[in-house]
Ligand SMILES: CC(=O)N[C@H](C=O)[C@@H](O)[C@H](O)[C@H](O)CO
Ligand SMILES: CC(=O)C(=O)O
């Protein structure tokens, strides 16, 4: 049996998880077990994308990232459908080490962003980078994480995907955090023929991406608004446009914030202690997060 035949396709809502920190700024692994239960029981979200943008992965040390990945896999076993570990780093050596580690702890997949200090000059160079990471976890599905707003690497994701199956046998899709719907549509089109997943990552524009046929979504807001977005996905699948739009407009009233705000909102809504973000991010004023959390509680009750 080839690995491709046993790969579980990644679909639906995936929470891009926060990294719980103590008040002193150390990773707080004790929150991860309750965090998983909260996502499953309260938000109906069954897969996670860890150590990404929302998880402040690039602000963590390699050792911290390993400890977090191990805790997510251990606590998520037999509970979560998929744990995808983001392994993007500035140094390819660090990414390779994290990829190998993810394979050793039983993660379901890995993803990488492009390095952003020294940037790849073209899509070929980026493909080569992704390939050299994937060879350290050849049996794990590999996803390219396209996020030009953060990396400044803005070549079309469709150009990165084009032909990538010839260099990376484990390639399985793209997490698309961009607003170019033409490029996104081309990624969906190309992915259909390979049975890859296209996961959308601009939460506030998800409805537009659904129309183009994305297979799922990875985002920060699904940590605390997954429940309502899940209802929207059902309405969309049932072809109920009015209800889909109404739910999405409701959702939009409390979404569209940065990591610091989202992290504090998550603490307020879930009651789990996510702690502060790590510098250079600054904590969000609690009163601001409480006001957003209040709106969320209001309309969660209405639906
Ligand atoms: C730049 C960024 O962090 N994007 C996230 C996913 O990739 C999103 O989930 C956003 O956090 C979300 O759309 C809220 O603005
Ligand atoms: C999707 C997102 O927010 C992340 O990479 O964490």
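Every residue gets a Cβ built from N, Cα and C, even glycine.
For residue 145 (active site, proton donor/acceptor), the same-chain residues lying six or more positions away in sequence with a CB closer than 8 A to its CB are 52, 86, 88, 111, 112, 113, 174, 175, 177, 201. In this structure, residue 145 (active site, proton donor/acceptor) is part of a beta strand by DSSP. Feature annotation from TrEMBL assigns active site, proton donor/acceptor to 145.
Taken residue by residue with DSSP, residue 175 (active site, schiff-base intermediate with substrate) is part of a strand. All protein chains shown were included, and the count of other CB atoms within 10 Å of the CB of residue 175 (active site, schiff-base intermediate with substrate) stands at 29. Per TrEMBL, active site, schiff-base intermediate with substrate is recorded for 175.
Annotation for residue 218 (pyruvate binding site): same-chain Cβ neighbours under 8 Å, separated by at least 6 residues, are 14, 15, 16, 49, 52, 84, 175, 199, 200, 201. Taken from TrEMBL, the feature pyruvate binding site applies to 54, 218.
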